[in-house]
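The next block holds one structure in the form of structure tokens; read it before the comments.
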Amino acid sequence: MFVRSLTLRNYRNYSELHLDFDQNINVFLGQNAQGKTNIIEAVYYASLGRSHRTHTDTDLIFWDKPAASVQLDFDRLGVGNHLEFQFSREKRRRILLNEHPIRPKELIGSINTVLFSPEDLFLIKGAPAGRRRFLDGEISQASPAYYHELQQYTRIVTQRNTLLKRIRERKAAPDMLDLWDPQLVDSAVKITRKRQEAVRKLNMLANLMQRRISGNQENLAITYEIHGMEAEDMTKDLASWYNKELASHREVDILRGSTSRGPHHDDIILTVNGINLRSFGSQGQQRTGVLSLKLSELEFLRSETGEYPILLLDDVMSELDVNRRHQLMEFIRRERIQTMITATDAAYFPQERIGTYFHVKAGQITR
Ligand SMILES: Nc1ncnc2c1ncn2[C@@H]1O[C@H](COP(=O)(O)OP(=O)(O)OP(=O)(O)O)[C@@H](O)[C@H]1O
């Protein structure tokens, strides 16, 4: 999969821009605040229908302009496609795939991307919600059915929580929960199973990457942790376990007005050579861990979709030491993965020509 070209109109600090991409490595060089990340953001937006930096689409429109557009020509499994986003301060955004309007959820799976930016360190250091988002994003890109199941699950939990509060206020009878719980269990099992399967694959792939980057010094392991599940429960049937847990936590749930078991509380645990990366990993180990995880996403999506996704590396070259940078570039080159890299300094790249270099200055780009 690759993006052939990108056309921006009044998007962020670009009033008019047309870019033809290299099918392998694209390096965007420039000082701070010139518009490098804005390019990465536009490609990322096209893959998921949202920015990684803002939830408000009007932030994407050039300061005083009423509207903006982003257009991409991309190849997927050998077929050319055209995708267009139209943003307006007055109206709802429009998405057109090959000239036909589509809904945001129909966008999922059109263009796949893997983004690695300095904020990704929070994936290891931060709260479980970030790791769940990472995993869900991964699976959703490969499986729109999972994305819909997740939406369905979130709806059930929200409705169950509303009911719990009503029961607490004696506005509803506790046995009303008997209607909701089977639906919750059914959806929770589907999500948990899919996440466990994805973690098994990521675990294998990420460890291969970690060994490669660390010169066979480090082993990375990723495991899925079901909130509240004890070791002796792990062999039990998942649906019966959820049923039992929901029943035994019913009183607590009513008191709190929230559902205390389910995949919305789960986590993934990363260890290097058996040591928990979040609590005991060095900065360098954490960075390598995230990089391995990101590179394993590439392999994961390739195994699910048949093609490598597009790799977006925003400002991460300065975060890696020379050896890791070298390993990374070698991997991208060997596998011919289309990659967009932003950096402030050409010194992060090898002397020889490795792809196409773009110079970015105040919303203008020159090759
Ligand atoms: N809606 C907008 N309209 C016009 N300009 C904008 C808008 N949003 C952001 N900008 C401008 O875009 C520039 C930031 O671009 P970007 O985030 O791509 O920087 P960068 O080149 O990646 O910098 P760094 O190296 O610091 O990450 C800033 O000059 C900012 O003022």
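Including glycine, each Cβ sits where the backbone N, Cα and C put it.
Curation does not apply to TrEMBL; its annotations are automatic.
Taken from TrEMBL, the feature ATP binding site applies to GLY30, GLN31, ASN32, ALA33, GLN34, GLY35, LYS36, THR37. Under the three-state DSSP scheme, GLY30 (ATP binding site) falls in the coil class. A 10 Å cutoff on Cβ-Cβ distances gives GLY30 (ATP binding site) a total of 18 other Cβ atoms nearby, all chains included.
Annotation source TrEMBL lists domain 'RecF/RecN/SMC N-terminal' at 3-349.
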Listed binding-site residues adjacent to ligand 1, that is, members of GLN31, GLY35, LYS36 whose C-beta is under 6 A away: GLY35, LYS36
Neighbouring C-beta atoms (10 Å sphere around the C-beta of ASN32 (ATP binding site)): 8
Chain-mates of GLY30, GLN31, ASN32, ALA33, GLN34, GLY35, LYS36, THR37 with C-beta within 8 Å of site centroid, ATP: THR342, THR344, VAL360
